[in-house]
Amino acid sequence: MVQLRKLLRVLTLMKFPCCVLEVLLCALAAAARGQEMYAPHSIRIEGDVTLGGLFPVHAKGPSGVPCGDIKRENGIHRLEAMLYALDQINSDPNLLPNVTLGARILDTCSRDTYALEQSLTFVQALIQKDTSDVRCTNGEPPVFVKPEKVVGVIGASGSSVSIMVANILRLFQIPQISYASTAPGLSDDRRYDFFSRVVPPDSFQAQAMVDIVKALGWNYVSTLASEGSYGEKGVESFTRISKEAGGLCIAQSVRIPQERKDRTIDFDRIIKQLLDTPNSRAVVIFANDEDIKQILAAAKRADQVGHFLWVGSDSWGSKINPLHQHEDIAEGAITIQPKRATVEGFDAYFTSRTLENNRRNVWFAEYWEENFNCKLTIGGSKKEDTDRKCTGQERIGKDSNYEQEGKVQFVIDAVYAMAHALHHMNKDLCADYRGVCPEMEQAGGKKLLKYIRNVNFNGSAGTPVMFNKNGDAPGRYDIFQYQTTNTSNPGYRLIGQWTDELQLNIEDMQWGKGVREIPPSVCTLPCKPGQRKKTQKGTPCCWTCEPCDGYQYQFDEMTCQHCPYDQRPNENRTGCQDIPIIKLEWHSPWAVIPVFLAMLGIIATIFVMATFIRYNDTPIVRASGRELSYVLLTGIFLCYIITFLMIAKPDVAVCSFRRVFLGLGMCISYAALLTKTNRIYRIFEQGKKSVTAPRLISPTSQLAITSSLISVQLLGVFIWFGVDPPNIIIDYDEHKTMNPEQARGVLKCDITDLQIICSLGYSILLMVTCTVYAIKTRGVPENFNEAKPIGFTMYTTCIVWLAFIPIFFGTAQSAEKLYIQTTTLTISMNLSASVALGMLYMPKVYIIIFHPELNVQKRKRSFKAVVTAATMSSRLSHKPSDRPNGEAKTELCENVDPNNCIPPVRKSVQKSVTWYTIPPTV
């Protein structure tokens with residue numbers, strides 16, 4: 001027997017010419033007849049046309065035994081479904097009238113090689129036998145009983161069994177319609193051209209399972225397959241489709257061996273292997289009932305209740321038997337099953353079956369014992385685990401649990417598909433003939449196959465039954481989840497369906513302990529917003545999360561990109577947002593102090609100017625040089641005004657005024673002071689040499705010189721306007737800190753630090769020159785035209801600006817650059833103006849207002865007096881020890897009359913000096 005099985009397996013795999021195979025099969029058929037003593041059971045129903053049936057009535061037996069325990073659901077339910085369908089068809093006057101369908105139903109014992117041996121029964125009638133040499137003992141030729149001719153086969157169940165049988169049936173052109181085989185390989189019309197099925201292939205099922213896994217957010221799963229065509233091809237399809245879809249990785253693929261010595265140890269080892277990838281909690285299963293039951297038991301022994309997330313194929317479907325005593329480990333399992341409906345007529349039929357009315361089913365007594373857990377008194381009972389006697393009065397559904405097996409509908413549809421094909425064939429070939437005509441008997445399987453592929457009728461579920469060119473049914477699946485908690489009716493719950501696309505009701509799903517949140521099955525948890533994935537080589541579903549830093553944002557899952565120049569990342573770094581625009585506000589502490597000082601200075605300047613205008617003809621005002629005083633006060637006023645321009649909101653007009661007035665106020669002030677100190681210096685220097693008055697010392701000349709100095713500043717500003725017109729910009733570099741949250745865009749005029757210094761540079765040059773003259777005239781008697789106050793003013797101003805430069809440039813890289821530089825510049829200009837105003841004009845205003853008695857005209861001096869004073873000053877400066885109790889008190893008349901100048905008296909200077917009165921010149 002073992003050798004026969006091996007030979008059968010080789011024959012189905014090797015390609016022999018049909019004639020050779022037929023000769024070999026003749027011998028095999030004879031051998032098979034001899035095996036009927038070994039497995040004599042089969043169901044025979046007489047009819048005009050006989051259909052074959054292959055069902056897994058029993059499970060696989062242990063080593064050396066072909067058949068094991070009876071399969072109540074997958075075996076008996078399905079077998080009875082065929083008998084029920086035959087009864088319905090034979091009683092239907094509109095389907096195959098005057099033709100009775102018979103059957104020859106065999107047990108495959110869930111084993112492909114055993115099924116192949118059994119299927120040889122179907123081809124016996126087609127094998128021609130040479131009996132010329134055969135004689136009976138009396139010398140007469142024997143009379144052979146011709147076996148029934150099987151025109152088509154319903155089955156088998158397992159894909160590996162169907163493949164093995166299909167290889168034989170195609171040689172004899174016997175059409176085959178399977179009710180459960182879903183292996184993708186059976187869609188190959190070149191190898192399995194006589195094979196059809198009323199269930200969709202696993203390629204559709206695998207696509208549906210991939211869609212389910214992705215819909216649940218799982219990207220890292222393991223696969224588990226029973227050894228054989230169904231399991232291995234199913235996993236192969238799932239793996240291929242998942243790779244094509246992308247975003248789904250297979251942690252490991254585990255195969256359950258068909259032949260195993262110790263089942264418990266093997267399944268415990270499989271569970272341990274699955275736990276090697278703990279993050280891969282989802283397990284996609286393409287396995288038979290027994291393997292499913294064993295794997296659940298092993299998971300329970302490993303105390304992994306709630307860890308694994310099972311995704312079962314249609315071999316699991318909505319079956320109860322594999323879950324018996326393992327309901328807790330199966331909690332939350334998602335299963336798929338070809339779309340079906342409960343056939344109510346079958347329920348009534350099956351629950352009415354008894355030992356008395358179902359004698360045609362040779363395995364029904366064995367089913368009765370297993371179903372009711374009792375022992376029949378008839379001989380041949382196989383029930384050894386109980387002493388309870390069966391009464392025969394038990395009833396299915398009352399004394400035992402009953403639920404219609406998931407493939408019953410498809411068994412019925414397969415029988416009806418064969419019947420419809422025979423019906424159309426009978427109408428075409430036997431139009432005027434009652435029953436099966438000779439043409440139909442001789443038509444052959446190829447013609448019947450053509451009719452099978454063209455059937456189209458509403459099946460038992462109300463859905464169309466049809467086949468494509470490969471013999472496959474369209475893909476329609478129901479999706480279930482096994483739920484036991486928080487439900488009044490524990491069991492499978494319909495949660496969706498798949499017909500070319502997935503429809504999944506996630507809100508109806510629940511997991512262990514009634515949890516509604518979908519548990520993860522990912523290699524790495526999703527990255528947080530603002531992080532990118534860095535995949536690991538070889539495992540695209542495993543990654544490390546790297547945060548986008550600096551001014552980067554998360555462009556997509558894998559990439560961080562820099563924000564545009566004027567933007568920064570948002571709070572969670574999933575996009576960019578505009579950088580806030582800032583300017584120096586009036587209410588800012590950085591602006592309040594300069595504005596306050598400027599307002600005080602403006603008020604003081606206006607007060608001084610008003611006082612001078614009011615007392616314009618008084619001696620003090622006249623002696624201070626009225627023309628240059630008003631020019632100087634104007635410059636001081638502009639120095640205060642620039643504070644408001646520097647703080648005002650930048651626009652083109654404001655920026656234009658900034659350029660003009662930034663250095664103009666200082667330029668006017670220091671141009672006037674320089675003219676004054678230069679005049680004093682020239683007068684005293686000229687007095688040392690001769691009594692001739694120097695040139696350009698009149699008020700008009702002084703104004704002309706001052707205007708010339710100021711015009712240089714204005715010329716530079718106009719050139720600046722021409723080369724670089726005023727404009728406003730938003731400077732993002734100035735406040736682009738390391739922390740993007742602190743980044744700011746500064747709205748400002750298009751003026752660089754260098755341009756500011758250049759604009760002030762000319763004024764600083766005037767200031768330095770004026771300081772030099774102040775130093776040179778430091779020896780002039782203090783009453784001679786403010787030489788000493790001007791000197792103190794310039795010294796103080798230099799100190800202010802020496803402090804300004806390092807602060808201004810030292811904060812160029814500071815985040816507070818806008819505030820510090822603006823405040824420093826405005827305060828420096830305010831201080832410079834205040835120093836000049838305070839030292840040069842406040843004493844005069846004090847005398848004018850509070851001591852008018854001192855505001856009287858003093859003696860006017862001619863240039864001769866100036867010369868004498870200059871000579872005196874020179875000598876006193878060389879002989880400080882000769883000064884009597886301090887410096888000589890002298891006064892330089894503001895309006896020296898050159899016509900009254902007399903040559904200087906060259907004589908020794910006594911301790912007392914006699915001054916000559918010179919008539920005043922107005």
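For all residues, glycine too, the Cβ spot is worked out from N, Cα and C.
Summarising the environment of Ser181 (L-glutamate binding site), the number of other Cβ atoms within 10 Å of its Cβ, over all protein chains shown, is 27. Sequence annotations record features per position, and here Swiss-Prot assigns L-glutamate binding site to Ser159, Ala180, Ser181, Thr182, Tyr230, Asp314, Lys407 based on similarity to another entry.
Of all the Cβ atoms in the protein chains shown, 20 others lie within 10 Å of the Cβ of Cys67 (disulfide bond). Residues annotated as disulfide bond in Swiss-Prot, with similarity to another entry given as evidence: Cys67-Cys109 (among others).
Feature annotation from Swiss-Prot assigns disulfide bond to Cys249-Cys541 (among others). Secondary structure at Cys541 (disulfide bond), taken from DSSP and collapsed to helix, strand or coil, is strand. Around Cys541 (disulfide bond), the same-chain residues six or more apart in sequence whose CB sits under 8 Å from its CB are Asn219, Tyr220, Gly247, Leu248, Cys249, Val522, Cys523, Thr524, listed in sequence order.
Feature annotation from Swiss-Prot assigns disulfide bond to Cys374-Cys390 (among others). Using a 10 Å Cβ-Cβ cutoff, Cys374 (disulfide bond) registers 19 neighbours.
Per Swiss-Prot, disulfide bond is recorded for Cys430-Cys437 (among others). For the recorded site, Cys430 (disulfide bond), the DSSP three-state label reads coil. There are 19 other CB atoms within 10 A of the CB of Cys430 (disulfide bond), with all protein chains counted.
Within the same chain, the residues at least 6 positions away from Cys542 (disulfide bond) whose Cβ sits under 8 Å from its Cβ are Tyr220, Cys249, Cys523, Thr524, Thr535, Gln536, listed in sequence order. Here Swiss-Prot flags Cys523-Cys542 (among others) as disulfide bond, drawing on similarity to another entry.
Annotation for Cys545 (disulfide bond): same-chain Cβ neighbours under 8 Å, separated by at least 6 residues, are Thr524, Cys527, Lys528, Gln531, Arg532, Lys533, Lys534. Sequence annotations record features per position, and here Swiss-Prot assigns disulfide bond to Cys527-Cys545 (among others) based on similarity to another entry.
The Cβ of Cys560 (disulfide bond) lies under 8 Å from the Cβ of Arg532, Glu546, Cys548, Asp549, Gln552, Tyr553, Gln554, each on the same chain and at least six residues away in sequence. Under the heading disulfide bond, Swiss-Prot lists Cys548-Cys560 (among others).
Under 8 Å, Cβ to Cβ, and six or more positions away along its own chain, Cys563 (disulfide bond) finds Tyr551, Gln552, Tyr553, Pro569, Cys576. The disulfide bond annotation in Swiss-Prot covers Cys563-Cys576 (among others) and rests on similarity to another entry.
Per Swiss-Prot, N-linked glycosylation site is recorded for Asn98 (among others). According to its DSSP assignment, Asn98 (N-linked glycosylation site) is coil. Contacts of Asn98 (N-linked glycosylation site) defined by a Cβ separation under 8 A and a same-chain sequence distance of 6+ are given as Arg434, Gly435, in order along the sequence.
Asn458 (N-linked glycosylation site) falls within a strand segment according to DSSP. Listed in sequence order, the residues of the same chain lying 6 or more apart from Asn458 (N-linked glycosylation site) and placing their CB within less than 8 Å of its CB are Pro464, Val465. Annotation comment: Swiss-Prot describes Asn458 (among others) as N-linked glycosylation site, evidence class sequence analysis.
Positions annotated as N-linked glycosylation site by Swiss-Prot: Asn486 (among others).
Residues annotated as N-linked glycosylation site in Swiss-Prot, with sequence analysis given as evidence: Asn572 (among others). The secondary structure of Asn572 (N-linked glycosylation site), as reduced to three states from DSSP, is coil rather than helix or strand.
Among the features that Swiss-Prot reports, signal peptide is placed at 1-34.
In the predicted model, the topological domain 'Extracellular' (35-590) has a mean pLDDT of 88. According to Swiss-Prot, the feature topological domain 'Extracellular' maps to 35-590 (among others), an assignment based on sequence analysis.
Annotation source Swiss-Prot lists topological domain 'Cytoplasmic' at 616-627 (among others), citing sequence analysis.
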Q. Under an 8 Å Cβ to Cβ limit, what residues of the same chain, 6 or more beyond the ends of the transmembrane segment (754-775), are close to it?
A. 659, 662-663, 666-667, 670-671, 673-674, 677-678, 680-681, 709, 712-713, 716-717, 720, 787, 790-791, 793-795, 797-798, 801, 825
Q | Listed stretch, out of 628-648, 655-675, 703-723, that has the most CB pairs under 8 angstroms to the transmembrane segment (826-850) | A | 628-648
Q: To the nearest whole angstrom, state the Cα distance for the pair Cys390 (disulfide bond) and Lys407 (L-glutamate binding site).
A: 29
Q) Among the disulfide-bonded residues listed here, Cys109, Cys523, Cys548, which has the most company in the form of other Cβ atoms within 10 Å of its Cβ? A) Cys109
Q | Whole-number Å value for how far Ser159 (L-glutamate binding site) lies from Cys67 (disulfide bond) (Cα to Cα) | A | 18
**Q.** Spatial neighbours, same chain, of Asp314 (L-glutamate binding site) - Cβ under 8 Å, 6+ residues apart
**A.** Ala180, Thr182, Val199, Gln205, Thr335, Ile336, Gln337, Pro338, Gly406, Tyr477
Q: Provide the three-state DSSP residue tally for the topological domain 'Extracellular' (649-654): helix first, then strand, then coil.
A: 3 helix, 0 strand, 3 coil
Q. What residues in the same chain, six or more past the boundaries of the topological domain 'Extracellular' (649-654), come closer than 8 Å to it by Cβ-Cβ distance?
A. 583, 726-728, 747-749
**Q.** From recorded positions Cys109, Cys374, Cys437, Asn572, the one whose Cα lies nearest Tyr230 (L-glutamate binding site)
**A.** Cys109
Q. Reported as an integer number of Å, what is the Cα distance between Lys407 (L-glutamate binding site) and Cys109 (disulfide bond)?
A. 17
**Q.** Which of Ala180, Cys249, Cys390, Cys437, all recorded positions, has a Cβ with the fewest other Cβ atoms inside 10 Å
**A.** Cys437
